[in-house]
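Trainee: Have a look at this one.
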């Protein structure tokens, strides 16, 4: 049991910089960067969501996205799943405690959490307005595998699906890196799975940049609630 917990922690530490400061980081899948859903432990000891693992197993010679060892079907991580069901966390809005497995459904309807998100958006916009206007290109992106560039989000997803389906190299997501919250040094454990899950459509689908600040924040808030 202890060995399994250590392995789960090892996978989470590689899930991203936030995991180091987040005590719940050990419950984070290194592929989708979400709380494990139906966690499965593979032979090398690392853990993935069941759906993420199925995608990782699709290449002819699949490898673990964390340690790059040969990847094979694993076994259900029953103890980790039990911990997710029994570990408590607090809502950032109302401060009430919920089990980790229930927090998403709660924040979708918590008005105080919605206010918390709104204040965060306002603070981000205010801070950005004080910075020099050096806005990165967020409309076209280079392929992280080859010299091809000028893809929109959908085009990059399709390009990688067609021409890089067998590439296993860890690369930086150019879409995430261009965003204010993105880490330009973080290498995705499975980039193709990452963009297919996270960037299936453009951010322009969600935000109209021509509307005023208040309307834009409301749009972002509503979309974040829908996507919970």
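Cβ coordinates are placed from backbone N, Cα and C, and glycine is handled just like the others.
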Trainee: Which stretch, out of 71-90, 91-110, is listed as zinc finger by Swiss-Prot?
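Mentor: Of the candidate stretches, Swiss-Prot labels 91-110 as zinc finger.
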Trainee: Return only the integer: C-alpha distance in Å from residue 112 (N6-acetyllysine) to residue 102 (N6-acetyllysine).
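Mentor: One finds 17 Å between the Cα atoms of these residues.
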Trainee: Sequence gap of 6 or more, Cβ distance under 8 Å: name the residues on the same chain that satisfy this around residue 91 (Zn(2+) binding site), in order along the sequence.
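Mentor: Within the chain, residue 91 (Zn(2+) binding site) has Cβ neighbours under 8 Å at 97, 98, 103, 106, 107, 110, 112, 113.
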Trainee: When DSSP states are grouped into helix, strand and coil, how many residues of the zinc finger (91-110) land in each?
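Mentor: Counts, helix then strand then coil: 5 helix, 3 strand, 12 coil.
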